[in-house]
Structures are given as structure tokens and as C-alpha cells.
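Single-structure report; data block below.
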Amino acid sequence: MSDLLSHDDNRHKTQETDVVAQMRLLINTLKKHNHAYYVLDNPTIDDEQYDALRQRLLALETQFPDLKQADSPTDQVGDKPLAAFTQITHDIAMLSLGNVFSFEELSAFIKRINDRLDTKNQNPEFEMELKLDGLAVSLKYVHGQLYQAVTRGDGRVGEDITHNVRSIHNLPQVLPECAGIGLLEVRGEVLMPKAGFDRLNRENGERGEKTFANPRNAAAGSLRQLNPAVAAARPLAFFGYSVNQGLPNHVETQSDSLEYLRSLGFEVAPFGTSSTPQGVQEFYDDVAKTRASLPFEIDGVVVKVNSLSLQNDLGFLSREPRWATAYKFAAESAITRLLAVEWQVGRTGQLTPVGKLEPVSVGGVTVSNVTLHNFGEIERLGLMVGDVVSVHRAGDVIPKVTAVMLDLRDNAVSPIDLPKTCPVCASAVILPEGEALARCTGGLYCAAQSKEALVHFVSRRAMDIDGLGEQWLIKFFEMQLVRTVADIYELAEHQDLLMTLEGLGEKSVKNMLAAIERSKNTTLPRFIFALGIRGVGESTALNLAQHFTDFEAIRRATIDDFLAVPDVGEITARNIYEFFHSTHNNEVIDRLLASGLMWQATTASMSDTPLDGQTWVVTGTLSAMGRDEAKAHLQALGAKVSGSVSSKTSALLAGEKAGSKLEKALVLNVTIISEDEFLQLLAQNGRMVSTE
Ligand code: IVH
């Protein structure tokens, strides 16, 4: 991360002025987000993105301690309290916790403790708790009565939120056993359980009211309500984690103080103890496994020296205790820089942008490539090469760019352009209007799409070369014997080589070549279908063949000509047109034709449109085809297809389990055609129906 803000070595900014400029930029950005978060309760980036920015500043401050800015927010806990609430100075400052992220860092934390402890106190027992993801609150009970509740605020001064915590259902208002204790201060976390958060957001969403980014923000927003009735309606909960004043003398450890809190009626989250780093690690691992199934959110484990007297001996650093640390789960977000975008071509021709990142650790894994999905996503994010981005990776989910840090954008960024030609085969790239996915038009030629195109070409419903199995085809592709479908018809030239391949004897090669030869005698619809044009299935191939009757006419046709073909819409018309206007595809097609492919001239059926002027309805389940296909055939024969039976209906095509439409047709005396009769009708009109 140390060169996060530099593009490359040439621009490596090690000069003091540059470091200070980076620090100032980060400080100002953090301050803006602090204010939005702590004072306005309206964060504009998520917690992890914020943490990543803060980590970046901390890294610079560690690397260049002399340049640390006096107003750095890394020294502060939170932000100034909101003026509308009464401000209360804490009797004892409410501090923060240091962080560790790995077993090594945990061991270093434990070593630092051992280094400060006497020989007799080495390897003290540790107590481990859940790090609850809510807000720290201090509660004061006077003679057992809840007297005051205060937020952490900036650690020194917080806000009086007594009116709002009184309605938290699991927070005891009276502690009968503490009637004799003048002042008892309990600290803990107010949070919103996941189920309550989901419900609140759903209900607020339905009412068109504000929804919250996460349970923590929802809890914070609820505690900051000036109207206690609003807070009372929010599903909050309190978990105690320490007694800071008034603890009975017999309680000597952190774990006992949690038991004590429990005995008083406070809810306390699960905890454990261990004297070894391995034991602490085991607790952490167990918690990490159950994290997702917990009813509330946590972001790690808090590790505390169990003995309260040792805690006292160890004392505090400026903003955190020496005797405790947060062993946090790997951040699922990090910020880094987008260095470049490369375009990958998928097997069906779609172009996928892949972001090349300055390597960054996210969720415990180093990420240097990230899919940007499609051009639409780049536009949605407003992303440019050189931008500082937030990358998210949760669990095993693939990493994702979730946001662009516009605050950190400098003028060295450059726009991400969709390539005009395919990076693999240089054919034209098209991005149909309103679509997010760009595609290479060189379907027959493009190496990225070749395997898919080859397998489709030989398949049974296309050229039907049954003697050339998929495995051999792929093998020939990998041997570079077959790169495009036209090469299939030149395989005979490599006969001798083929016979030397293991598993391919003379006989099988002969059979294979004979099957290839046989396939040359085909039909125009099969050939069109075999070309694998996007959106052109068998039924459309048939419609094209019957509409144009001549292959050369199809090659010359305009988009408007294609739109006149039944079943062909704007997108398919464009796809077909682009396909036949790719120079590369045409090279392959010319070679195919030159190799001797032939088909009977397609006579447009006896009458082109024998069902002209008729209106048909299709109902029930057909066994030979889907209803859409049947509809396309009918339309190709000139019929209109309607969704409901009326006295104007010419015929009802009724498949299995036909229901009310069949009844209505019987009542109205409409001609009823069975599937068999329909197939005969199609056959009579030269329409091919596959029999798979
Ligand atoms: S003890 C002096 N225990 O973490 C240390 N804190 O980053 C006092 N937190 O402000 C904190 N779960 O809001 C402690 N089991 C736990 C905790 C916990 C969550 C929060 C708390 C605190 C922050 C420090």
C-alpha cells in the first residue's frame, strides 16, 4: 500500500511535500466523513472504506513520523458530540482499542505484554469476547437506579442519551442488588440485531422513509433521536462488557465481572479464557466460523488480560489500553488504485473488462485483478484508469470494485474506452443500444470463440458431423489443425498426421473424413444455423432460408430486410447484419463455400404464405417444439397468432392438457388442429422440424 497514491516508479512520491500533500488530502477526506458519520449520522462511505482510508493515513504516519500533521484524526476517538444533546464529561475516559489482524500480530501483542510484566506474571491468562459492532455506551446506576446513559463521543465528552436507552428492552432500569452501591458504572455496546435491522429497513422503505446502510448506523441513528418515542420503536439491545466504577472487591477478573453483570440481569455476549496464544487463536477461529449465524454483527474478537490488577499495572497508551486489543476479522474492503483495464473475450464473444489493480490485501487474500463485469458497470461506477477505488471481497465471493474515491482523484486519470475492435481477433466490436454487454462480431474467426463455434458447427442439428466428436475437435483445435470451421473441410490434407495420433487408427480417420465429406450435402437452414449467429436458432434459420431462399441474398441483406423476416427483432437483425459484415467471418464463409458445401435450392413453400389472412391460437403442451417455435412457424406461413379464442379464430392448435381455450373453441365451432396434423402441415410446406 505504500505507493498507493503513485502510478509507477517514475512518479514515486517520496519527497516530503508530496507526502504532506497526501496526508492533507487523507486528513481532509477523513474529517469530512467523520462529520458525516458522527455528527450528521449520515455516512457517505461504508465503514470499511473509511477504515481503509484511515489505515492509509496511519501507514504514512508510521513511515514518516516527522511529517505527521498536528490535526491528524488518527489520534482522535470519534468526533465532537452533537450540540443538541447535553454534553457529559466521562469520569473515566472511554478509550478505543488497538487492532491485530493475524496470529503473528496477536503474538507480538502478547509479547509486548510479557515484556512489561514481572517474571512472576509472565504468560497471563487472557479473556476473549466478541467485538460487538454497535456503539459504546456508559450507564450509571445510583443506588441501583438507572440514572444516566452517555455515548462515547470523542472519548472525553459524550452525549446524554438517557431518554433513549430507557426503552431498550434488555437493559435493566433497576438493579435491586445494587441498592447499596452509591455509583455503579457499566459500559457496553448498544446494537441493533440483524433481524430487527432488516425489519426496520423494510418498513422504512415501504413508508418511503430513510433506510440505513448497516445495523451499526441504524443503532447510532436511533440513539441520536431527540424524540424518545422514535428510539423506543427501534429494536435495540444492550450487551455489557465492563464495570468501570463500583465493582465489588471480590471480583478480580474480567471474566468474573462479566459473570457479575449477568447476575445483575445484564445480557452478556459469549466469552472464553485461555493462557496461550494458540488458545486465543482457537477462540477467534471458532467465532469466525459462527459469525454469519450470530443474531448480531461483530467485527472480531476482543482479547483482554483477565486479571484486573494486571490490567491496572499495564495501564494505557494515549488512546488505547495496553492490556487489550481487538483481533479483527480481515477487512472485507480495501482501497487501492486501478492501474489499467484489459478486455477479455468470452467464449460467446462478450467483452469483459478486467481491472488491473495495485495489489492489495482484501479479506485475507491479495487481489490484483478484478472483473468489472461489463461496460455498463464502468459507467455506473464512473470509473477511470488511475482512480483510487474501494475493493470488496467477502468470504469466497469474487472481489468487486464497490466505489470510486472521487475525493482522491487526480488529473492523471484517463477514461476507459470500449475497444472498437476485438483484442483477440481485431473484428469490429458492437455494443447494442441499451445493452451493457459489448460483443466481438467475428464469431466464426475469433480464437476466443472458436471452440464454442466449432462444437456448435458440427453438432447434430447443425452440420451433423457425427464422426467428428467434440473431444477430437478440441484436440485438433489445440494442435492448431483446426482454428476455424472452414479448416474442418481441409482436415483431409492432414490425413497422415491424423493417423499417427494415439486413439485414431486408419479406419477411424477414414470414417471421420467420410462423415465430414457427407456433411457437405446439407440444407440452407442447417447451414445458417451452423454459423452460430447470435439470436439465430433453428427456427429463425428456417425463417431466413425461406424468406431469402438464396444464401447470397442473406449476405447482402440490410437490417431492414432482416426485420421483414418473421420472428426477427431489432437486436437479432443487427446481429445478423454485423455477422455478415465482418470481413473475417466472410473469409471463413468463402472458404466454406469453396470447399464444396451444397444444398438444394430452397423453394419458398408452394404458396409463400399458405395461412395468409388466418388467425391461429396455440394452446396446451406440444411435444415436438415449444409454443414460441410453433408460433414462429405459423407466422412464417402467414398466419397471425393471437392469445385468445374468439369467433374470428381460424384454427386452434391444441397440444396436451389444453384447457379453457379448447373448450371455448368447441363452443364457438373453431377448427381444432392436433399436433400431428400441425406437423404434417409444416412438412407439406417444407418447414423443417427437428425430431430430437
Ligand atoms: S472493551 C478500553 N469490549 O470497540 C477498551 N469494547 O474499538 C474498552 N467494543 O469503543 C473497550 N465490543 O465500542 C470492549 N467486548 C468488547 C467490545 C468493545 C465492541 C467496541 C467499543 C469500543 C470499541 C473500541
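Here the Cβ of each residue, glycine as well, is placed from N, Cα and C on the backbone.
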ASP47, GLU48, GLN49, TYR50, ASP51, SER96, LEU97, ARG152, GLU189, LYS304, LYS328 bind NAD(+) per TrEMBL; candidate in GLU16, GLU129, GLU267, GLU358 listed for that same site: GLU129
Of the recorded positions listed as LYS131, CYS422, CYS425, CYS446, the one whose CA lies nearest the CA of LEU97 (NAD(+) binding site): LYS131
Long-range Cβ environment of CYS422 (Zn(2+) binding site), under 8 Å and at least 6 residues apart: VAL345, LEU351, ALA428, VAL429, CYS440, THR441, GLY442, CYS446, ALA448
Spatial neighbours of LYS304 (NAD(+) binding site) that are distant in sequence (at least 6 apart) but have CB under 8 A: PHE126, GLU127, MET128, GLU129, GLN254, GLN311, TRP323, ALA324
Most Cβ neighbours inside 10 Å, all chains, among the binding-site residues LEU97, CYS425, CYS446: CYS446
DSSP three-state assignment (helix, strand or coil) for LYS131 (active site, N6-AMP-lysine intermediate): strand
Residue among recorded positions ASP47, GLN49, ASP51, LYS131, ARG152 with Cα closest to the Cα of CYS425 (Zn(2+) binding site): GLN49
